[in-house]
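What TrEMBL says about this protein:
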- B:18-387: domain 'Luciferase-like' (DOMAIN)
- B:Asp57, B:Thr100, B:His150, B:Tyr154, B:Ser224, B:Ser225: FMN binding site (BINDING)
Number of protein chains: 2
Amino acid sequence: MASRKLVLGTILYPSGHHVAAWRHPSTSASANVDVDHYIRSARAAEEAGFHIAFISDRLGIPQSRAEALQRVDEWSHGFEALTLAAAVATATTRIGVIATASTSFNEPYNLARQLASLDLISKGRIGWNIVTSSLEQERENFNPIPSFDHADRYERASEFVETVLALWESWNPDSILRNKQSGVFLGPDALKSVDHEGRFFRSKGPLNVIPSSQDHPILAQAGSSDAGKALAARTADVVFTAQPDLAAGRAFYQDLKQRRGAEGRSSDHLLVLPGIFPVVGRTRAEAEDRYATLQDLIQPEVALSLLETYLGDVDLSGVDIDGPLPDLPQSNSIRSRQGLLTGLARQEGLSVIGLARRIAGARGHWQVIGTAEDIAGQMEDWFTAGAADGFMVLPPTFPDGQDDFIRDVVPLLTHRGLFEPDVTARTLRQRLNLPRPLRMNTKTERKSA
Amino acid sequence: MASRKLVLGTILYPSGHHVAAWRHPSTSASANVDVDHYIRSARAAEEAGFHIAFISDRLGIPQSRAEALQRVDEWSHGFEALTLAAAVATATTRIGVIATASTSFNEPYNLARQLASLDLISKGRIGWNIVTSSLEQERENFNPIPSFDHADRYERASEFVETVLALWESWNPDSILRNKQSGVFLGPDALKSVDHEGRFFRSKGPLNVIPSSQDHPILAQAGSSDAGKALAARTADVVFTAQPDLAAGRAFYQDLKQRRGAEGRSSDHLLVLPGIFPVVGRTRAEAEDRYATLQDLIQPEVALSLLETYLGDVDLSGVDIDGPLPDLPQSNSIRSRQGLLTGLARQEGLSVIGLARRIAGARGHWQVIGTAEDIAGQMEDWFTAGAADGFMVLPPTFPDGQDDFIRDVVPLLTHRGLFEPDVTARTLRQRLNLPRPLRMNTKTERKSA
Ligand SMILES: Cc1cc2nc3c(=O)[nH]c(=O)nc-3n(C[C@H](O)[C@H](O)[C@H](O)COP(=O)(O)O)c2cc1C
Ligand SMILES: Cc1cc2nc3c(=O)[nH]c(=O)nc-3n(C[C@H](O)[C@H](O)[C@H](O)COP(=O)(O)O)c2cc1C
């Protein structure tokens with residue numbers, strides 16, 4: 001496909017994606033409570049032609065160690081994702097805004113409403129990152145749910161998404177007449193009940209929010225377990241993923257595209273976007289220096305605690321941190337990430353603290369430290385090798401890390417013919433070249449899955 | 001108190017608060033999906049010095065008759081309240097934004113997060129209108145809750161509010177240190193668990209959103225049943241109410257202030273704000289004309305259906321609509337409003353359709369049709385007679401109905417010394433002259449209640 005172009009997203013975050021970014025002289029240590037910080041980041045990305053500003057979220061403080069918690073600025077980045085998405089969407093006009101919300105601790109009717117409302121607020125630029133909330137610290141903040149087992153969480157997620165889609169489709173936009181003369185606002189078939197009664201949810205419908213100009217928000221997914229990939233293949237438009245290198249990225253990409261094909265749907269309409277943690281320098285030495293400056297700011301308590309969380313809430317307190325990673329109990333919570341990290345430790349021969357520091361920066365995402373040419377070249381490699389349809393950028397620091405990428409790397413991507421800001425698209429669905437959901441067809445597709 | 005001033009709020013809504021506003025030539029029939037409409041209304045109110053922009057909400061389509069549903073533009077005004085509040089807050093700088101959210105179909109941790117996040121987005125200008133969601137059509141959109149009985153709903157609401165306050169108080173803002181040099185972001189007592197385990201909810205805490213500059217959102221309530229007033233007296237900063245006339249308004253006001261006193265707390269810190277539905281004309285005849293024009297646009301299906309809903313989901317389909325209101329079963333859902341409406345019908349000798357049309361406009365709120373002098377004079381009467389600390393304005397149409405009030409009535413209120421825009425206040429709490437919550441004290445107060 002000659003005209004295939006890179007999709008670019010930025011992941012909004014407090015002082016930066018490097019865990020010690022808040023200590024860096026160039027960042028603001030109060031970014032995590034400063035909505036203007038998020039708005040500035042999103043506007044800069046919009047200005048550069050990015051497709052997506054992404055907002056992650058968590059329903060608790062994911063921290064095993066108090067000493068570590070006291071040394072970071074990121075508890076669910078300080079804001080709740082849907083309200084922050086509304087603020088960012090209000091302050092921008094073109095960029096898509098994808099916000100995270102959990103299927104384990106919400107009701108479909110509430111989330112369907114909030115997302116549809118966001119889609120109106122943004123004039124068709126919203127996406128929903130579907131997560132199942134894996135942490136014990138999240139579960140404890142809510143009334144018990146029947147089961148928090150990995151399989152049950154994904155079964156619940158699947159029914160949740162189906163219910164939300166049905167609610168979004170409970171309106172027929174063509175029958176909204178608004179006829180002042182006759183007094184008829186809605187035609188007789190403008191809305192219909194949903195009458196959902198499943199294992200996890202009940203919802204009669206219809207929704208009381210009208211569809212936006214992109215029909216409904218696009219769906220994103222970041223689960224990388226088997227169940228996560230199955231859900232993504234069945235329902236997602238966009239997949240975010242953390243892949244440490246090209247080989248892993250390609251395997252993941254091919255797996256997902258094949259699963260989508262097996263659903264009888266076009267794999268072009270499932271965009272796989274790995275994360276990239278870019279450290280840009282005018283020379284490689286300058287880039288390495290910049291990285292070293294950040295790494296030097298990492299406090300060991302923080303790195304170790306992060307590693308514990310990323311390994312699935314294991315307890316490393318008795319472990320020799322200068323020795324190799326011990327065998328771990330298979331975690332119910334973040335299965336796939338555990339596999340990636342143990343693989344990385346083995347591959348690079350890292351000690352526990354070495355692995356902790358190694359991932360504390362990029363958190364298992366693909367890390368590239370080099371000149372803008374280096375970075376653009378490697379992005380091209382991933383794109384052409386079938387490992388990525390685009391990338392989610394995790395700037396090490398805000399605003400400089402993002403500004404560097406925009407100023408130095410984006411023009412090279414454009415120059416290489418890989419990237420071209422779409423100035424005609426009005427909705428996120430158009431911007432991502434995704435088809436409009438065919439109401440009846442998508443229903444059939446989902447049912448057959 | 002010589003310096004006591006009126007509090008003014010506006011209730012954001014689609015084409016207007018008159019049920020037929022969407023058919024009026026001056027309004028937009030697509031206001032209900034147009035976020036810019038809400039932003040314009042809020043900005044105009046802000047510009048005029050209003051304290052509050054209020055956003056109502058419902059979790060379903062409150063409609064018994066399909067014929068009626070097809071003839072109105074207001075299903076929960078088209079947006080979900082918290083996401084719309086974020087958009088409005090982002091597009092304004094001084095006005096407080098009070099948004100509605102239900103205690104019956106949410107979890108405290110989610111709502112506490114969204115409201116705290118809104119409070120950061122707005123820089124301390126958010127309030128929460130606590131509702132218990134009375135309609136059967138709302139209940140059916142969710143998984144069953146243990147009981148939807150009026151008393152149980154309020155017991156749940158009470159525990160919900162207590163849990164949310166505890167979560168908001170799980171942070172100590174003075175211990176957020178942000179010390180780049182030492183690497184210590186939080187002092188050791190910055191946050192604490194909540195460990196709530198009650199009849200309805202479980203939540204361990206702490207919250208993962210930091211308090212705003214007003215500590216936490218202010219609390220509003222609009223329940224007017226005995227249980228509703230008890231909850232308001234115990235927890236609310238602001239009470240919204242629909243009162244048809246001065247006598248009813250005064251009785252309600254005095255009742256609430258006395259209940260607040262009985263809680264051992266200052267009744268000055270519970271602001272009672274009745275709704276006012278003003279139809280302004282240069283002469284009384286012009287005002288009557290304007291009202292008649294709107295009334296003529298009401299379709300009987302709509303008026304009757306609204307009456308059914310307001311009476312608590314009764315079925316009037318067998319009833320002679322030209323005869324008097326029959327005896328009604330006491331409704332579990334909207335007890336207090338039913339009492340007001342049957343009283344109004346008896347008092348004004350209205351037939352069923354007469355009552356339906358009479359309330360279709362102002363929906364049981366205090367309706368004033370006259371010159372700006374008439375309206376300002378009557379507002380002063382309520383204010384000085386102990387029936388109101390201020391008013392929530394329900395413009396019959398947007399934007400004209402609100403613009404008329406701002407252009408013609410507000411200057412007279414200022415001239416009479418009743419109203420004075422506060423240009424120094426930064427937070428909604430300051431703007432309403434409410435004290436900062438004393439962490440330990442409010443806890444004790446709540447416990448003793
Ligand atoms: C780029 C990326 C972003 C993610 N964002 C979130 C998030 O915001 N909230 C969350 O709870 N989980 C998030 N996750 C975790 C995934 O949703 C998922 O739980 C995790 O990848 C483990 O996969 P599994 O659930 O299929 O086992 C993210 C993962 C990736 C790779
Ligand atoms: C001015 C005003 C605004 C209200 N807004 C809402 C609302 O947005 N959503 C809602 O569910 N109920 C709303 N209500 C209804 C009240 O919350 C309450 O349920 C009703 O007044 C009946 O009182 P009770 O619940 O104490 O019986 C409103 C009431 C008034 C007077």
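Glycine is no exception: its Cβ is also placed from the backbone N, Cα and C atoms.
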Binding-site residues (B:Ser224, B:Ser225), the one with most neighbouring Cβ atoms at 10 Å: B:Ser224
Longest CA-CA distance among B:Asp57, B:Thr100, B:His150, B:Tyr154, B:Ser224, B:Ser225, per record bound to FMN, angstrom: 19
DSSP state at B:Asp57 (FMN binding site), helix/strand/coil: coil
For the domain 'Luciferase-like' (B:18-387), the mean pLDDT of the predicted model: 93
Per DSSP, three-state class assigned to B:Thr100 (FMN binding site): strand
Same-chain residues at least 6 apart in sequence whose Cβ lies under 8 Å from B:Tyr154 (FMN binding site): B:Thr132, B:Gly223, B:Ser225, B:Ala227, B:Gly228, B:Ala230, B:Leu231
